[in-house]
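Undergrad: Have a look at the structure that comes next, please.
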Amino acid sequence: MTQWIAGQWVAGQGDAMTSVSPYNNEVVWQGDSATPAQVESAVAAARDAFLVWKKLSFAEREAIVLNFAEKVKENSEEIAQIIAKETGKPIWETRTEAGAMAGKIAISIRAYHERTGEASREAAGNQIVLRHRPLGVMAVFGPYNFPGHLPNGHIVPALLSGNTVVFKPSEQTPWTGEFAMKLWQEAGLPAGVINLVQGAKETGIALADAKGLDGVLFTGSANTGHILHRQFAGQPGKMLALEMGGNNPMVISDQFGDADATVYTIIQSAFISAGQRCTCARRLYVPVGEKGDQLLDKLVAATLKIRVDQPFAEPAPFMGPQISEAAAKFILDAQANLQSLGGVSLVEAKAGEAAFVSPGIIDATNIAELPDEEYFGPLLQVVRYQSLEQAVELANDTRFGLSAGLVSTDDSEWEYFVDHIRAGIVNRNRQLTGASGDAPFGGPGASGNLRPSAYYAADYCAYPMASMEGGETQLPATFSPGIEL
């Protein structure tokens, strides 16, 4: 029973699907995908439930969400184990994600009050009131790299505002989605308020096509996000929020400070989660000259020592595998393509068992036209530069705009960088993947269109209703011209 529709666990009636551990190819979950007809049933159930759910007080909705938070805390180790088995991420990392699933709920509750609560004031004998109302039925598309807390950052704000949800997890991580749904069930969520539909492309297309949707919250690849954007063109009545990827630049100044700390920051930026974070550094700009050479030598030496292993291995690895063998092949093919264009591998990424790929670094300085692609894995491209102005110009040469960073102890360099760089998340002397939990997450260009994560998700889950109110109608002292009573 892999689908949760209208408060019932039902079997999918579509194609068989499995979840395979990418580190040993063991099947850890299996079921059948939802058909388009089942997706329509899920949307209809959400539509019916919306009429009741939106009428509950905020306190009543909040109580159920807080019950869910407690269930997450009680089951945090099992959540971490499931995510590790489905994604291959080290258990220390998935434990952090399980903690974030519960931790970000408090952010969403605060955001509801601060961004979409109710306010009133008196002006010229009128009561001016601002209220917020839910949109209706929201589709949430979850990613595989953070299958627990990223969907939660959409689902929780949607529910708090009074919306109902149809949730489609990534087909790579159905087990995590199913387990989270069971925790919502245990928390006392009424039937139909969240509906779970599992499946791959056909299920996703059916959900995006459903006529009963009022909004879509999507986290995933730029390619899929652009398809959704075209699909929703001409439908201004539907809210579409896209969180997509990036071809993220990291610029290292001559004034980078401590070399070991800089190397550590680069590794954390490029290879955390085996490079499978949308904010990971993809392009590293290093100054020409002796200092840059020495830094690269240190980076190469440290990269060769990175421990890559199964999620539960001891001693603990820094990196696990790619999400699938297809994803691993994509990284190796990208490396081969860059080599054919003139790139020189400083550390060659190599295939291991199952979906393992070791981290790779390739000097792409001599590539005439660097492909503007997101290589979603542990492949870092290095480009040498002559001046900070040139580095920033090269860094901005991308259709994406998610994250960027500068490593420099020089305040004037930082002022120039932050004034000229084009990105939504811009860090100084910190890893590119770091961001505050209540910061707007996203960027311009092909990286997305809104910032619908955790705190700022509140903006996209409710619409403002402005009212001017009086206790009774009134006659003015002077009528408008042309009116007689």
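Placed from the backbone N, Cα and C atoms, the Cβ positions cover glycine too.
Here Swiss-Prot flags GLY220, SER221, ALA222, ASN223, THR224, GLY225 as NAD(+) binding site. Residues or ranges marked as active site by Swiss-Prot on the basis of sequence analysis: GLU243, CYS278.
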Undergrad: Hey, how far is ALA222 (NAD(+) binding site) from GLU243 (active site), Cα to Cα, in Å?
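TA: Spelling it out, the Cα of ALA222 (NAD(+) binding site) and the Cα of GLU243 (active site) are 8 Å apart.
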Undergrad: Among ALA222, CYS278, the recorded positions in question, whose Cβ has the most other Cβ atoms within 10 Å in this structure?
TA: CYS278
Undergrad: For GLU243 (active site), which of the three DSSP-derived states applies: helix, strand, or coil?
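TA: The three-state answer is strand.
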Undergrad: Give me the sequence-ordered set of same-chain residues, not including GLY220, SER221, ALA222, ASN223, THR224, GLY225, with a C-beta within 8 angstroms of the centroid of the NAD(+) site's C-beta atoms.
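TA: So the additional residues around the site are HIS226, ILE227, MET244, GLY245.
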Undergrad: Using the alpha carbons only, what distance in Å do you get between ASN223 (NAD(+) binding site) and GLU243 (active site) once rounded?
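TA: Computed Cα spacing between ASN223 (NAD(+) binding site) and GLU243 (active site) is 12 Å.
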Undergrad: Just jot down the residues in the same chain as SER221 (NAD(+) binding site), at least 6 apart in sequence, with C-beta under 8 A of its C-beta; none if empty.
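TA: MET244, GLY245, GLU374, PHE376 - these are the non-local Cβ neighbours of SER221 (NAD(+) binding site), listed in sequence order.
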Undergrad: Taking each of GLY220, THR224, GLU243 in turn, which of these recorded positions have a Cα lying within 10 angstroms of the Cα of CYS278 (active site)?
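TA: Passing the 10 Å Cα cut: GLY220, GLU243.
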Undergrad: Around GLY225 (NAD(+) binding site), how many other C-beta atoms are within 10 angstroms of its C-beta?
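TA: Its Cβ shell of radius 10 Å holds 23 other Cβ atoms.
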Undergrad: Near GLY220 (NAD(+) binding site), which residues of its own chain have a C-beta under 8 A away, given they sit six or more steps off in sequence?
TA: PHE141, PRO143, SER170, GLU243, MET244
Undergrad: Just to be sure I understand the packing, how many Cβ atoms besides its own are within 10 Å of the Cβ of THR224 (NAD(+) binding site)?
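TA: Around THR224 (NAD(+) binding site), other Cβ atoms within 10 Å: 17.
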Undergrad: With a 10 Å radius around each C-beta, find which of these recorded positions (ASN223, GLU243) has the fewest other C-beta atoms nearby.
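TA: With the recorded positions ASN223, GLU243, fewest surrounding Cβ atoms within 10 Å: ASN223.
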